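Asks: Before we start, here is the structure in question, set down as structure tokens.
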């Protein structure tokens, strides 16, 4: 049952990362389109002494790029079986998520964009002003909604790290011949064990690290709950 759980978690992480990646590409395209609209609209305005930077567009563009970077790391981790690499990935995505949240709060909630835009856009260009105010709200909504699948990826990766990210040995017991050994010689029992369970059971680690101890503790708790249920 634990092996099937690992398979489902690996597949879920890949699927969610693919969805997040598509969302990130869409956010980047939307942000580049907004930058073009901003440049065209500002060029039609009369000369003013101060024009604020469109930070709401830059934040949306940065979030899209950060999402694509995180999904790239997620695809790499989903194809690996190292618990240490998975733990580093969880810390990296969590730190990136905290950074995104802090930037979103600073740009979209601590800055009054309607007041900022009213300082240099007069009543003759009210259409451009309403266009910008609408897309400020859209950028804020997109930046918040794209955090949800990122949180799901962190949760799935944390569950996978707790139960262990070892190779799914039961997936290899499907009757498919193993071509890593010569078919002229009958494989011994030790070779079959190594082929089925991998070399990790035969590696003697003289000293267990603290991270391995914590991972093993959470894995035992999960196995106990699965057994009792």
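One is the number of the first residue shown, and numbering goes on along the chain from there.
Cβ from N, Cα, C; glycine included.
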Asks: Which of these ranges is annotated transmembrane segment in TrEMBL: 141-163, 164-186?
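Replies: Going through 141-163, 164-186 one by one, TrEMBL gives transmembrane segment for 141-163.
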Asks: According to TrEMBL, transmembrane segment applies to one of these ranges: 15-35, 120-140. Which one is it?
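Replies: Within the set 15-35, 120-140, TrEMBL attaches transmembrane segment to 15-35.
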Asks: Below 8 angstroms Cβ to Cβ, which residues of this chain, lying six or more residues outside the transmembrane segment (141-163), approach it?
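Replies: Those are 2, 5-6, 9-10, 12-13, 16-17, 19-20, 23-24, 27, 30, 59-60, 63-64, 67, 70, 74, 77, 83, 86-87, 89-90, 93-94, 97, 100-101, 104, 108, 215, 218-219, 222-223, in sequence order.
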